[in-house]
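Encoded as structure tokens, the structure appears first; notes follow it.
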Amino acid sequence: MSEPIRVLVTGAAGQIAYSLLYSIGNGSVFGKDQPIILVLLDITPMMGVLDGVLMELQDCALPLLKDVIATDKEDVAFKDLDVAILVGSMPRRDGMERKDLLKANVKIFKCQGAALEKYAKKSVKVIVVGNPANTNCLTACKSAPSIPKENFSCLTRLDHNRAKAQIALKLGVTSDDVKNVIIWGNHSSTQYPDVSHAKVKLHGKEVGVYDALKDDSWLKGEFITTVQQRGAAVIKARKLSSAMSAAKAICDHVRDIWFGTPEGEFVSMGIISDGNPYGIPDDLLYSFPVTIKNKTWKVVEGLTINDFSREKMDLTAKELAEEKETAFEFLSSA
């Protein structure tokens, strides 16, 4: 058995965490021989609920869970972390402007970035899930200057998985048969789900998705809007936001950071855009196609970008630049 790793989940009393914690504890993310000290952070009013989650984790009797710590204190939560999964954020309330949402979250993620800086290991891997995820991630990153910016990423894997699933459903294959879809940009409705480099396994052969489907108008229209607006569609149907699928995507994202991506496959995650080969301005937290090896990501290079893609990639970059500007106005005053 290896030494235990310390893994923090914030917003631990919430519904995404409720779907996530069992998978972390049972070895599905960090492997079946990796013991874990699981740290659960939430706000003080949620401590009663968190106590119930703690009881349930104890009752799962998971052999890999060496300890579970439930807390509302940042100095306890962020101490000596190997992995921080930041799920908790201020949710959007009815009638709330995106600007107000940004303002509330800048405050949260500035504090958590500062706590990472002060208490966590410098090698910590930080995954931001709470929305607006890209800008929250950038805020945390800026607030922890001594942790390498490459260690910060935000979740666009849910969008990536949604795109894979839509293609698989349309072709009557399983989503495992679809690979190399891309989510470019922001985890918002401006994201660009791109399948121009995606492949699908049909009758034992790998074919490009455009060739396989022969339905360009669907791929350039309804497919994109379905993926962009899927979160809203789930809320409308369930009256609650995506939790099971979000938790599954977090597991995929973190497992790929930990163990790497399969040969010949890439995945999407929001990362710092510095020096990227696709003309996206530096200093944005933007979703790119990446491969991962030795816990280090690398942007996939050499993909041809047509005019249709270029326009969509620039549009979502513009939104991120505007969000960043708004957030950083608050950041200096927060």
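Keep in mind that glycine also has a Cβ here, set from the backbone N, Cα and C atoms.
A quick note: this is a predicted structure, and the numbers were derived from the prediction, not measured.
Averaged across the domain 'Lactate/malate dehydrogenase N-terminal' (6-152), pLDDT in this predicted model comes to 96. As annotated by TrEMBL, domain 'Lactate/malate dehydrogenase N-terminal' applies to 6-152.
Annotation source TrEMBL lists NAD(+) binding site at Asp42, Asn105, Val129, Gly130, Asn131. Other Cβ atoms within 10 Å of the Cβ of Asp42 (NAD(+) binding site) number 23 in total over all chains.
For Arg162 (substrate binding site), the Cβ neighbour count at a 10 Å cut-off comes to 22, with all displayed protein chains included. As annotated by TrEMBL, substrate binding site applies to Arg92, Arg98, Asn131, Arg162.
Positions annotated as domain 'Lactate/malate dehydrogenase C-terminal' by TrEMBL: 156-330.
Counting every protein chain shown, the number of other Cβ atoms lying within 10 Å of the Cβ of His187 (active site, proton acceptor) is 29. Per TrEMBL, active site, proton acceptor is recorded for His187.
Between the farthest pair of Cα atoms in the substrate binding residues (Arg92, Arg98, Asn131, Arg162), the distance is 24 Å. Binding residues for NAD(+) (Asp42, Asn105, Val129, Gly130, Asn131) extend across at most 16 Å, taking the greatest CA-CA distance. Using a 10 Å radius centred on the Cβ of Arg92 (substrate binding site) and all shown protein chains, the other Cβ atoms total 16. Around the Cβ of Arg98 (substrate binding site), 14 further Cβ atoms fall within 10 Å across all displayed protein chains.
Long-range Cβ neighbours of Asn105 (NAD(+) binding site) (same chain, at least 6 residues apart, Cβ-Cβ under 8 Å): Ser89, Met90, Gly130, Asn131, Pro132, Thr135, Asn136, Thr139. Of all Cβ atoms in the shown protein chains, 28 besides its own fall within 10 Å of the Cβ of Val129 (NAD(+) binding site).
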